[in-house]
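Quick look at what Swiss-Prot lists:
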type     : residues : note
SITE     : 16       : site 'Important for substrate specificity'
ACT_SITE : 78       : active site, proton acceptor
SITE     : 79       : site 'Important for substrate specificity'
SITE     : 161      : site 'Important for substrate specificity'
């Protein structure tokens, strides 16, 4: 089954996810879905990211149902960063951002993005894991980046598509996954709901 309808719901406020989906030719209606993003005891980064993507999709679908909106696929995603078993979410403040960037300096870490699509009773999840290798960062570079304000709404305190791109020596995996929505996995998921991309 394929569909000519390019409309989906997006349970995310991320401008990067919106931009990626629009570049794929999709038309989006944003759904606000709040969930508790606390890490559970013993939960690893992949399990955590997949759970949050699934819970965001479920919460978004409840909004669609309770508001009587037309049924169409709803996409949600979650991104986290992990290094040596530690989960790095969005920094709480400048000190937290500084701690994260120092941890990544001269080392690799993983950017993990899980994507969930829900339509009716069907919910599917796919995950992208990318190894990101940072150059060694000077204190001055870290301070300039923090002063830019860019780290504060991003998992791991950086955005690869922004000023922090200069910190990245190379990646092994999905660039769009590090941005917050892996195009390959997203297209595979949407194909399961009848979308033919591109």
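Using the three backbone atoms N, Cα and C, a Cβ is placed for every residue, glycine included.
Positions of the features from Swiss-Prot, shown on the structure.
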{"residue": "16", "record": "site 'Important for substrate specificity'", "Cβ contacts under 8 Å, 6 or more apart": "159, 161, 179, 180, 181"}
{"residue": "78", "record": "active site, proton acceptor", "Cβ contacts under 8 Å, 6 or more apart": "49, 52, 53, 56, 113, 114"}
{"residue": "79", "record": "site 'Important for substrate specificity'", "Cβ contacts under 8 Å, 6 or more apart": "49, 111, 112, 113, 155, 177, 178, 180"}
Once the DSSP letters are reduced so that anything not helix or strand counts as coil, what is residue 161 (site 'Important for substrate specificity')? coil
CB contacts for residue 161 (site 'Important for substrate specificity') [other CB atoms within 10 A, all chains]: 15
